[in-house]
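**Q** What follows is a structure written as structure tokens; I'll ask about it next.
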Amino acid sequence: MPKRLDINTILVIGSGPIVIGQAAEFDYSGTQACQSLREEGYKVILVNSNPATIMTDTATADKVYIEPLTLEFVSRIIRKERPDALLPTLGGQTGLNMAVELAKSGILEECGVEILGTKLSAIEQAEDRDLFRTLMQELNEPIPSSTIIHTLEEAHEFVKEIGYPVIVRPAFTMGGTGGGICNNEEELIEIVSGGLKHSPVTQCLLEKSIAGCKEIEYEVMRDSNDNAIVVCNMENIDPVGVHTGDSIVVAPSQTLSDREYQMLRNTSLRIIRALGIEGGCNVQLALDPHSFQYYVIEVNPRVSRSSALASKATGYPIAKLAAKIAVGLTLDEIINPVTQKTYACFEPALDYVVSKIPRWPFDKFESANRTLGTQMKATGEVMSIGRNLEQSLLKAIRSLELGVYHLELDHLKELDKETMKKRIIKADDERLFVVAEAIRQGVTKEEINEWCEMDFFFLQKVENIVNMEREVKANVGNMEVLQAAKEMGFSDHYIANAWNKTEREIYDMRKESNMTPVYKMVDTCAAEFESATPYYYSTYGDENESIVTDRKSVVVLGSGPIRIGQGVEFDYATVHSVWAIKEAGYEAIIVNNNPETVSTDFSISDKLYFEPLTIEDVMHIIDLEKPEGVIVQFGGQTAINLAAKLEAHGVKILGTSLEDLDRAEDRDKFEAALTKLGIPQPVGKTATTVEQAVAIADKIGYPVLVRPSYVLGGRAMEIVYRQEELLHYMKNAVKVHADHPVLIDRYMVGKEIEVDAISDGENVFIPGIMEHIERAGVHSGDSIGVYPPQSLSEKLKEQIIEHTIGLGKGLNIVGLLNIQFVVFKDEVYVIEVNPRASRTVPFLSKITGVPMANIATKVILGQNLVEQGYGTGYHPEEKEVYVKAPVFSFAKLRSVDTTLGPEMKSTGEVMGKDLTLEKALYKGLVASGINIPTHGSVIITVADKDKEEALEIAKRFHEIGYNLLATAGTAQSLTEQNIPVQVVNKIDSEDYNLLDIIRQGKAQFVINTLTKGKQPARDGFRIRRESVENGVACLTSLDTTRAILRVLESMTFSAHSMKEITQTKRHEVVHA
């Protein structure tokens, strides 16, 4: 069936900010879909609130709206643009829920907008747990015995009948939000109450736990002609009970017999047909390992995290084809873009093994509960490809960037059998490492299988790795053993440690005897047809399929998995850099390992190597390709950290030199450079011992800011108010020694300013200056940023511009630089300089129209700023106001403190733009998920140091009609100032207290600032967590609170009696 000609304009809904459960995979699928629809000649209108993505680039769609994804704003866009159709299945759960909300509000009918791809009825049938259960019963498809509940009482009834454990799955949520496994009544009450709150329709499915079955996923496609195919099937190494986003996944499935494979394949196709889905769909199934009994777990009637993985694992571009199917094309009419010969109705075949390992944020959140269950906790993932499972797994492990190069963790070596058993039974992020350790210590596969039901096949693979370790250690210097270990995916790093050599020595040994990897192509058809994709993975074998051309090439290093501190912003910069390299006439080669991102789409670069970002894996590619050089500026800290090792191998680093990179990162060299340039900075020193640290802090005076050098996202950074806190930090947070010094700075309570600039060594061009709403001390990634700055005098702005130009030239920067300043007592101080792309590059590029990563790449390749039409100085400011607001994923991470400080905690960002700061802030806050009611109650509990400042805030809340609630101490200071306040009991009171008010939804805002040390810190923690669990906006910074007040004041009308007005005027005359 040819494409539809009765529609012209299509609205695509994006997935909004990156949160746990919904990451960069939707930037990839959304970008693909927009391009795909435009190829077919449709006009595409995109709405998405996330400025950090390629998807929201003006070139991606005909019109791009970066607006909040709420009914109010999307309805406005529909009324203004009048699209013929809406495509919601590429924006994750956000896009689906938005479509349902739009349909229910009547706006689609009013404006005559049709939903494309998957019909509303199919979305509801798949997402509404009750309707889905009914459909499965009609199809005679087995599902675990279950019931639908809307109250806690109903949950208790079900459990009486069926017994524990039960699984709770809230309707219309993603990433398992609010769900979990309940083993007893206490867990049931907690999880069901939370689940009902998180579900937009207050509905949960309770089902008998089938934990322990194999978890299998099928990624299927169907068109309007009822052609349906399986793109890829995947198997979770972790049995049912761990969310698939938190599971280690392999593709294709490894332990299914042909009969089992065909049985589950037929079920998946039957379900997609029954739902009438046109496009991509993901079916999750559970298979009993001891019989042919299976259960249908759930269906995602949309492009998902698994489809991004399946696309990269097979090379078959699901989102691109789903968009074409949505406009009426059929699988037998669409050419597969990979082979460019076969049609899309051929099922892909794989002649390699793919492994996906999630990347969790526990290195940032020491206190988080690391146990894995049905609620997702990972922020991102890595993927790797190998010729055997062992190779594939070991490559994935070293892609995670946790400083781990092998399936072993030193701190697990001390574990006794009982502890290992506990950690294997109750899965956490290190379970596979614990399994390997258990096998090393002689625990049998049978015992481990009994503990966690992990399939013997996978346990055998882990045992193969452990046996090979013994071989390697027993045969030092033996080249045959080395060859065998390399074929199994062992790293030079591991072998060097085992053989007591350096990694470089092993690398040289291999090179001398020609023991180097070859590169194989990912072609969707297991080499059955010739293929046109330049998409490669390494393995040890005979024939190399990556043909080196005679064109000059440049290698760009990507940024690896998405994690807190290094998000999709760096992928954005990477992609733009690749495009600029192509424009400049070079061959662009990219190395990356994140299956979710646009940069790992094979159509972006001239060559894509899906490989770990370690020195060994990158050097193999460089040895083969012999590029002009490598660009490390766009891959975040991942790429920067490889610069020194690459240079030691004689590789040319393009852009800012290694020496100059080091000058910006090394504290003493940086101080010397600033002194020479005459640029002021907060007083600070470097300590290499604990005693030194104490002496420095005493001399500078508290509070001080302490942090390790060379760090991204503010890991292990703290503001310390007294000596015992400093000692606690030095002993627990960092291991200080000469190679890892700790920086100690005077902490200045001032306004923070952030600048991104491009330097070519002669000229320095500044696209924009941003002002942070939160004062210095809150990480820049967690602050609300405003452009253009609203409260900087011209004098200060000139100083900032002057210092930026001075630093660009003085540090010999070639390419991008990001500088953070603090304004303290009307003086500008430099806090830090990052000689690389920063997380504000996409935001500033979009609002100023200056393609920063593109210009910087061309500067790096030798075309100066003047030749590109830019000079030195500050780009003229835009008239509108733009706000970048952070988005957090605290609801997914129980027991993590939500307080903002120098350590970054946000997972994503949104943008709000409008003519005034208040309107832009309103949009930014609403887009980030903060509800802003114009009246209600606000709870105020603040640290003593903030009491005075909180008075003015309380007064303003009172004036716009808010009801104030406070605990005794804070209430007393308010009453003394004649501010009406209601006293509430502290949380340790037996009576109705502060937490009850939060739980019952009787407060709209909670203002709680941190009291350091002592008991109040724990109280504050409980107040903040309770707010998150109950969806109440909890403000831990008085600056953020002021910003929200500005918005509220602009939305509400004040009410003053006439007498008050005349008194005010008289008062002004007296003071004039």
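One is the number of the first residue shown, and numbering goes on along the chain from there.
Cβ atoms here come from the backbone N, Cα and C positions, even for glycine.
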**Q** Among Arg707, Arg722, find me the residue Swiss-Prot lists at the same ATP 2 site as Arg746, Glu752, Gly777, Val778, His779, Ser780, Gln820, Glu832.
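**A** The record-listed residue among the candidates is Arg707.
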**Q** Nearest to Glu215 (ATP 1 binding site) in three-dimensional space, by Cα, is which of the binding-site residues Val778, Gln820, Glu832?
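**A** When the Cα distances are compared, Val778 comes out closest.
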**Q** Of the binding-site residues listed here (Glu298, Glu752, Val778), which is spatially closest to Arg129 (ATP 1 binding site) when Cα positions are compared?
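**A** Checking each of Glu298, Glu752, Val778 against Arg129 (ATP 1 binding site), the shortest Cα distance is to Glu298.
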**Q** Go through Glu298, Glu752, Glu832, our binding-site residues, and report the one whose Cβ sees the most other Cβ atoms within 10 Å.
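**A** Result for the most crowded candidate: Glu752.
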**Q** Where does Arg129 (ATP 1 binding site) sit by DSSP, helix, strand or coil?
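**A** The residue in question, Arg129 (ATP 1 binding site), is helix (DSSP, three-state).
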**Q** Grab the pLDDT values for the region 'Oligomerization domain' (402-546) and give me their mean, rounded.
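**A** Averaging the confidence scores along the region 'Oligomerization domain' (402-546) gives 94.
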**Q** Using a 10 Å radius around its CB, how many other CB atoms surround Arg129 (ATP 1 binding site)?
**A** 24
**Q** Given the binding-site residues Val242, Gln284, Glu298, Asn300, Gln820, state which is nearest to Glu832 (ATP 2 binding site) when distance is taken between Cα atoms.
**A** Gln820
**Q** Could you count the residues of the region 'Oligomerization domain' (402-546) that DSSP puts in helix, in strand and in coil?
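**A** Once the DSSP states are binned, the region 'Oligomerization domain' (402-546) shows 76 helix, 11 strand, 58 coil.
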**Q** Cα-Cα, whole number of Å: Glu298 (Mg(2+) 1 binding site) versus Glu752 (ATP 2 binding site)?
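**A** Answer for this pair: 47 Å between alpha carbons.
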**Q** Show me the subset of Lys208, Gln284, Arg707, Val778, Gln820, Asn834 whose Cα is within 10 Å of Asn300 (Mn(2+) 2 binding site); these are the binding-site residues I mean.
**A** Gln284
**Q** Calculate the distance in Å between the alpha carbons (Cα) of Ser780 (ATP 2 binding site) and Gln284 (ATP 1 binding site), and round it to a whole number.
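**A** With the alpha carbons as reference points, the distance is 39 Å.
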**Q** Among Gln284, Glu752, Gln820, these being the binding-site residues, pick the one whose CA is nearest to that of Asn834 (Mg(2+) 4 binding site).
**A** Gln820
